[in-house]
Amino acid sequence: MRNLILVGPMGAGKSTIGRLLAKELRLPFKDSDKEIELRTGANIPWIFDKEGEPGFREREQAMIAELCEADGLVLATGGGAVMRGENRQALRAGGRVVYLHASIEQQVGRTARDRNRPLLRTADPARVLSELLAIRDPLYREIADVVIETDERPPRMVVLEILARLAELPPR
């Protein structure tokens, strides 16, 4: 396995699960959004404010391409990373892809107090999350080697299921 890549919506647990997986596998953990922030010296909301979503997506595409060239890491991606075909191609080629699925209710609960999510600066975040999931769910599934439900499950249980499901996959 080159890399273990986590995709899914905001609030699915990609960063939390990713850190635990990395610890379990003794691999480095990278979060593409955090790497963008480190490189730019600015947080995601600031990038959205100054460059708009297209500017952020350009940075994201470059970061994903770079991280997917690495070998032996656990990578958590931003929820919208799958929107670009180039990203989906890089993620698929970069290693095993795990789609962490979460219901709208879980996403709302997990993101409610997070001010670092520009797309949720709205009066109705549940509607936005629902619209985003309707568009992105087929794209997550398109590139996923496995789909894992995260609703109301302790992160440790999710990690154990991921490891078990990946062990069942034939090499590629």
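Positions of Cβ are set from backbone N, Cα and C atoms, glycine also.
Binding of substrate is attributed by Swiss-Prot to D33, R57, G79, and within the candidate set R2, R127, R136 the record adds R136 to that site. Sequence-distant contacts of G79 (substrate binding site), defined by Cβ-Cβ distance under 8 angstroms and a gap of at least six in the same chain, are G8, P9, M10, A12, L132, R136. Distance noted between the C-alpha atoms of D33 (substrate binding site) and S15 (ATP binding site) is 10 Å. Other than the site residues D33, R57, G79, R136, same-chain residues with C-beta atoms no more than 8 angstroms from the centre of those residues' C-beta atoms, the substrate site, are M10, E60, T77, G78, G80, A81, V82, M83. You'll find the Cα of R153 (ATP binding site) roughly 31 Å from the Cα of R57 (substrate binding site).
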